[in-house]
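Beneath this line is the structure, given in structure tokens, with notes to follow.
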Amino acid sequence: MSCFLSCVRFETTTDNNKPTSTESGSVSGVTCYTWDDVESLTSNFSRLIGTGGYSSIYLARVSGSINAALKVHVSSHRLYQVFRSELEILLRLQHPHIVKLLGYFDDSEESGALLLEYLPQGNLQEKLNRNSKQVLPWRNRTAIAFQVAQAIEHIHEKCSPQIVHGDIKSSNILLDKHFNSKLCDFGSAKVGFSSMVQPSKTTSTMSPRSKQVMMIGSPGYTDPHYLRTGIASKKMDMYGFGVVVLELVSGKEAVSSERGEMLVHSTASLIHEILDSNGDIGEEKVRQFLDPRLSRDGSIDLEEVKTMLRVAAFCLRSPPSLRPSASQVVQTLNKKIPSLSFLGCGKKE
């Protein structure tokens, strides 16, 4: 059975592999691997370390000592098109808060592989999990929000053609050893429009299962407007970002693993109060919503928490046209969150 690999994450920053070729116009230094290289990296796919959905994840080694994880999908034409789309997007992207493409394999038929940098702290969802031994400090949470907003601003407003990510969520935000964030997984991304894209005209003739496969986004993060209309837009990304900010402030999951309740539903009254009062909210309610694991940190500025909640609330507004752009969010956080000063020169893109 043929297969393709969609993700390789490297553990160190050094790599002795020299680029063998790159696509015309692509980011320099991206290595093109052969399928023999891919098999060698995984020792012929001998070390399975995880599975999920349509994929299996194998342990791999690069240059004999650098650990990597390879995410392998059962091959199909549809999955190959997803791979090709993500490859073409990543070859064009170069930003400090977007995961870096280091290499790829593509046989131009049904097999392909993306080699991406490894970030040792895992993803944001794992770090916010209340079972995590390490509590993510407040200033790191504000920095993550700011950096992700910068990444979204880059793909929305500084790329040509512009890009809609399509699946902004905490598990698609990776963290390096200093807890700087990088946006990953562009498999759902849409390219070539400034604000929105209509679904294919052939959608109405497809089976319910086919329609389901075409849907993008994840439970708890997906814009209700997209679910109603099938129109993916930049404002859809801002909705997902708003949910991530709620997670950062509260430490709660986008969808409760215990009750199955969505965070946007359990916080609806708070969001409405913020919007109805033009952003004004009492300190007691702010304290009640703040992650209780942060309550021992007396240095937290509640005005910063209020700013984060305002940003989240405005990103969740309906209709989507009322939501801020990524640039507006970057400007607001830059101006209203003093704790971002610890980022120094990294505060600016």
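A Cβ is built for glycine as well, from the same backbone N, Cα and C atoms used for every other residue.
Per Swiss-Prot, the features are:
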type	residues	note
MOD_RES	Thr34	phosphothreonine
BINDING	Ile49, Gly50, Thr51, Gly52, Gly53, Tyr54, Ser55, Ser56, Ile57, Lys71	ATP binding site
ACT_SITE	Asp167	active site, proton acceptor
MOD_RES	Ser171	phosphoserine
MOD_RES	Ser210	phosphoserine
MOD_RES	Tyr226	phosphotyrosine
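Taken residue by residue with DSSP, Ser171 (phosphoserine) is part of a helix. The two recorded residues, Thr34 (phosphothreonine) and Ser171 (phosphoserine), have Cα atoms 30 Å apart. A gap of 20 Å separates the Cα atoms of Ser171 (phosphoserine) and Tyr226 (phosphotyrosine). Non-local contacts of the residue listed as 'phosphotyrosine' by the CB criterion (under 8 A, 6+ apart in sequence, same chain) comprise Ile216, Gly217, Ala232, Ser233, Met236. For the residue listed as 'active site, proton acceptor', the same-chain residues lying six or more positions away in sequence with a CB closer than 8 A to its CB are Asp185, Gly187, Ser188, Ile216, Gly217, Ser218, Tyr221, Gly240. The modified residues examined here are Thr34, Ser171; by Cβ neighbour count within 10 Å, the least packed of them is Thr34.
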